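Heads up: the structure comes next, in structure tokens.
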Amino acid sequence: MSVKTSVKGGQRDFTTGSPLKLILAFYWPLLLTSMLQQVYNFVDTLIVGKGLGDNALAAVGNMGSIFFLIVGFSFGLANGFAVLVAQSYGAKDIEQLRHRLAATIVLGAILAISLSVMSVVFLPALLNFMQTDPLIIGDSLKYGYILFGGLSIGICYNIAGSILRAFGDSQTPLRAIIVSSIVNLSLDSLLILVLKTGVEGAAIATLVAQVISVLICINRLKEIPEIKMQREHFRNSIKVYLELLKNGLPMAFMNSITAVGCMVVQGFVNSYGVVYTAAYAACGKYNNLFMNPAATAGSAMTSYTSQNYGAGEYGRIKEGLKVCMGISVVSYILLGSLMVFFPAQLGGFLLSGKDQIDLVCQYLPRCGVMIIAVDVLFVVRATVQGMGKPMLPMISGILEMVLRTFTVSFFIGRIGFPATAYAEISAWVGALIVNVVALYLALYPLLRTKRQYKLKRALN
């Protein structure tokens, strides 16, 4: 069966046409989706902070590293599976695509049940490991039990979204996030500000919004003809499952290893009291928000690279890399400047305590100067992963954990809160170096072989 190269129903074939136009057309809906998600997370934080106080904000923010550990694992696994689906789509091998997708569904179901149970069981131990302040541990548990109890919903959304992106569809996730954002913020306002449900209200609002997103994405997936599967597509050999796990597990472990490093930093921060915890939570929100355009360029590059790698169009990967690097540089200039020049205003927007805002002012300018490292990292790492080469990016995740842990443990007792910023910066730079090497080793031999082949054909 052939795959049409035209854009149809949101699907996009990245193997033909202008890389610049294709990537930008795919990127903007992805960016809007991601920004809306960040904005509603941001407003959710604002409602919690202003409606329930700085301690409640610290309790919710304290869950960020644990949530990244669990959800990041599932997200990495889903992305790893989707890379192979996208490669099959780029190669126009629809039978292989359907078998890989069916195996993804089976593995996803097992993952959803297992992670949900384990995260609920081990949540108290994880909070104690992070030296969570007794003032906020109760709210952290309430918030975490609800979110992790419904973790399967988030995993379904991650898998559905990853598959849609593999097909070049960035429109459907945008529609899903628009609807779910409205629902989430409406429920936040009702449950927290009107009904006074506390942090539980924020968790419930998030789960309801995720359910809506999942339903919208699944409804769209049913309409894609290339993935209409029969029972025989679910009868896969162990080879298909191992192939998916070989690509997915390194990406999953990379996210989780990185999250462990973040948890260690969070633990050191928590040991200095709630003021540090609240300030660090606010800084984390701004970091995530301002990294978003470059991270989205990385997501676009993964789908673009996967399809072109499957089609053997290695030169197009290089062209796409230039486009996404340009996006990262523009993002750095605009958003890094905000972090450097307006830290007090940014801190005051989320926090009310002067001590907390002062700490934010020590963190944001330092990270703002060096955020270019992580902006470029997102694109380089995504390219390597899209080529189905996840091992060196996983090693870079280990390096991130080591650098974060060493930097914060060595410096926080000497220089205080700025050590948390230096922990981030050291992790970004170290991971970038490893992934640049990985990209060179993965892409350069393919480009050289392709050039030699073309030259040989021209001479003959």
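Including glycine, each Cβ sits where the backbone N, Cα and C put it.
Per TrEMBL, the features are as follows:
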TRANSMEM  20-43  transmembrane segment
TRANSMEM  63-89  transmembrane segment
TRANSMEM  101-123  transmembrane segment
TRANSMEM  143-164  transmembrane segment
TRANSMEM  176-195  transmembrane segment
TRANSMEM  201-221  transmembrane segment
TRANSMEM  323-343  transmembrane segment
TRANSMEM  363-380  transmembrane segment
TRANSMEM  425-447  transmembrane segment
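Outside the transmembrane segment (363-380) by six or more residues, the chain places 279-280, 283, 286-287, 290-291, 293-295, 297-298, 301, 321, 324-325, 327-329, 331-332, 335-341, 343, 346-347, 417-418, 420-422, 424-425, 428-429, 431-432, 435-436, 438-439 with a CB less than 8 A from a CB of the stretch.
Of the two recorded stretches, the transmembrane segment (176-195) lies close to the transmembrane segment (20-43), with three or more CB pairs under 8 Å once pairs fewer than 6 apart in sequence are set aside. The stretches the transmembrane segment (101-123) and the transmembrane segment (201-221) do not meet in space: the count of Cβ pairs below 8 angstroms, excluding pairs fewer than 6 apart in sequence, stays at fewer than three.
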